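Scroll down for the structure; my scribbles are underneath it.
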Amino acid sequence: MEIRKKPNIPMCLVLDSSSRPFMTLLFTILLFLTGLASAVGAVGGSPTAGFKPADDILIDCGSKSSTKTPEGRVFKSDSETVQYIEAKDDIQVSAPPSDKLPSPIYLTAKIFREEAIYKFHLTRPGWHWVRLHFFAFPNDKFDLQQATFSVLTEKYVLLHNFKLSNDNNDSQATVQKEYLLNMTDAQFALRFKPMKGSAAFINGIELVSAPDELISDAGTSLFPVNGFSGLSDYAYQSVYRVNVGGPLITPQNDTLGRTWTPDKEYLKDENLAKDVKTNPTAIIYPPGVTPLIAPQTVYATGAEMADSQTIDPNFNVTWNFPSNPSFHYFIRLHFCDIISKSLNDLYFNVYINGKTAISGLDLSTVAGDLSAPYYKDIVVNSTLMTSELQVQIGPMGEDTGKKNAILNGVEVLKMSNSVNSLDGEFGVDGQRASMGKQGMVATAGFVMMFGAFVGLGAMVYKWKKRPQDWQKRNSFSSWLLPIHAGDSTFMTSKTGSHKSNLYNSALGLGRYFSLSELQEVTKNFDASEIIGVGGFGNVYIGTIDDGTQVAIKRGNPQSEQGITEFHTEIQMLSKLRHRHLVSLIGYCDENAEMILVYEYMSNGPFRDHLYGKNLSPLTWKQRLEICIGAARGLHYLHTGTAQGIIHRDVKSTNILLDEALVAKVADFGLSKDVAFGQNHVSTAVKGSFGYLDPEYFRRQQLTDKSDVYSFGVVLLEALCARPAINPQLPREQVNLAEWAMLWKQKGLLEKIIDPHLVGAVNPESMKKFAEAAEKCLADYGVDRPTMGDVLWNLEYALQLQEAFSQGKAEAEEVETPKPVAVPAAAPTSPAATTAAASERPVSQTEEKDDSTVDQHSGTTMFTQFASLNGR
């Protein structure tokens, strides 16, 4: 083997035939090691590996020469950046060197007594950091502590009437304001505008490109938990960037030159948290997460629950961050499971301002492995803000793996308001922001007070007009209803409602129950109080403080429905009131609980009275009345609100019966609004097997006809008294809809009806009922009737059955003479004729047009002739 070097030619290896195999292997190993080193460098090497900012403009304002910071960054002097500034006159001031300052850029400043503008040409538009550095050092030109000024861009207000002495109590402290702006133009300007009679100043300016993946356009909103899009349309101010459980991270150790502060000053109780750490090289970024989001040093440290090994660690670790309640906030939470020994062993909840932000977080599942970073972006609306932003982590409280929780980092960014301001309520053009929360509260208070006076007047008037016949005092009195003023509700209670109150009436969410109150009424959710079990969780019976018996549905944190459906049901039921819809009384979401409180339905689900529970069989008339009640409830959902509502989970277990067997539709966790004018909602397929609309399944387009199909299956359950799906039966009988329609087409449907109905059903009534079910089960939604049409046919079937029953009773009476003496016949009087006529069924033509009686039994008219409050 020889090595030859030619002039101006790169060195190369020339191998003889004897050494080629060995050298080939050596060369392969060399290439492998080179690639491995590159890979390690990409993950754990240079902090800024993988990203070089297109724009990196650093200015040391007031400096006569360039300045190098401790982290090695070079800020250019005034003379090197003169092309950026437009100012009538500016004053340069400086301070003597000091080792107490974090950077030498704070030793000089530029003072403006009139408006001054810095203009920059961007190499590449997009996300940029804008960092403004301030330090009010003593000088003989101007008292910088008293300088009052604003800083604006073409679109955003960054600082409004800013005064350093107001922003920081420590006059010797430096201040850095960091902003993240999505710049869409090639030009960017910073305007310093002193207040009249004052001055503006600046020590240093940074304008640095940020990676596009730093903030995506979509996140998650808090309460209700929903998707939040349009994040790229906001400007952001970094308020807190915290390395939980770890030390200060300086810009030279961050992937994007950021500063991460320790979390101890924000911890509410340090005794509840325990710092944990691992070697940063153990952190492996999964696909979709890069070191640019946060460096390995953030994910390699964290805080877990202290004493997590105790039998019942029922507490949360809490961090409090002082905040401005007038703004929305963007919260980025960083997680990395560095405490578990195996996968799927750590489940915990995350709360923001007392609301559940993440339920049942399993980091090894969402991140794909242990020691794999994961982050979550959450938008907190200003209506949920107070003077402090609170972040909490805690165990799920169920038997789900290790009772522990972990948090590795927190970033809190203020979001620009409706006039694109990050400071104050005025925009660049002087326009004022929309009414803030305090103004909303004041206005809401006035509306509520006005509504209370109106309601009080109505009560007094009704009291004066009350019935004087005290034997009628048990009759329904409308003046005892809750008083509504807009979306606010006022109610009285025998105990003054000292345990709980109506929560956020502006949201119309009903009464908020404390967890301790619900634990008391359910004997701490004792199994003996369970009256039902569903996919969402257990249902308990209880009696609240005013003596009302209620059903309390406690969500299972591992439920497939989850927190989204929990909030959906609250919002749906809080705005719906109908005789045939179950009423929501209130809810509780304390400590990650998802609890709904309903009116108690003593006779339980419709299904229990048809099969499986050995209850007394329902008569055909009772089944018809129950189906009619459910149809009325669904018809109201589809047409009785400004936006139609599709239930999406109609089935016999979601039709509940009260003590009088009045049917009420329940369980709105999967429901969807349909905007007026739209005929469908494109959404993922959800529902219950056996009731699912085949067209919805094929096209993933949900319509009100999807509910109609499901209701058709319920009708067959009522007729045949068997489940919608029974896999234990022969193959052709498994699916009730297919099996029943097969017999219907043969004209032999009566062969498969509930044996308890044989001989007790009017054939014409059953025929009309079966026709209604068949139409509901049409393959295509366009061929199915509306719920109003279904309701008409069911009421007709009920009238046929009532006529049949009455005729049968009269025939039996004729056949069985009474063993008493019969007086001589007397002439029939007009009164007798009238009485006899009143006993026969009332025909459609004999009904009064203004009749709007809505009884669950004894129907005397068809619903289509009554006011259904439809759209």
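If you go along the chain as it appears here, the first residue is 1 and each next one adds 1.
Cβ atoms are placed via backbone N, Cα and C, with glycine included.
So that you can see what the record holds, here are the features copied from Swiss-Prot:
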type: ACT_SITE; residues: D649; note: active site, proton acceptor
type: BINDING; residues: I531, G532, V533, G534, G535, F536, G537, N538, V539, K553; note: ATP binding site
type: COMPBIAS; residues: 817-839; note: compositional bias 'Low complexity'
type: COMPBIAS; residues: 854-871; note: compositional bias 'Polar residues'
type: DOMAIN; residues: 525-797; note: domain 'Protein kinase'
type: CARBOHYD; residues: N169; note: N-linked glycosylation site
type: CARBOHYD; residues: N182; note: N-linked glycosylation site
type: CARBOHYD; residues: N253; note: N-linked glycosylation site
type: CARBOHYD; residues: N316; note: N-linked glycosylation site
type: CARBOHYD; residues: N381; note: N-linked glycosylation site
type: SIGNAL; residues: 1-39; note: signal peptide
type: TRANSMEM; residues: 440-460; note: transmembrane segment
Those binding-site residues listed as V533, V539, and which of them has the most Cβ atoms within 10 Å of its own Cβ: V539
D649 (active site, proton acceptor) to G537 (ATP binding site) - Cα separation in whole Å: 16
Rounded mean pLDDT for the residues that make up the domain 'Protein kinase' (525-797): 88
Cα proximity to I531 (ATP binding site), best match among glycosylation sites N182, N253, N316, N381: N316
Residue from N253, N316, N381, G537, V539 whose C-alpha is spatially nearest that of N182 (N-linked glycosylation site), among the recorded positions: N381
DSSP-derived class (H/G/I helix, E/B strand, else coil) of N253 (N-linked glycosylation site): helix
Minimum Cα separation from N381 (N-linked glycosylation site), reported as the residue among binding-site residues V533, G537, V539 that achieves it: G537
Rounded Cα separation (Å) that holds between V533 (ATP binding site) and N316 (N-linked glycosylation site): 29
Number of other Cβ atoms within 10 Å of the Cβ of N182 (N-linked glycosylation site) across all protein chains: 18
Closest of N316, G537, V539 to N253 (N-linked glycosylation site), Cα positions, recorded positions only: N316
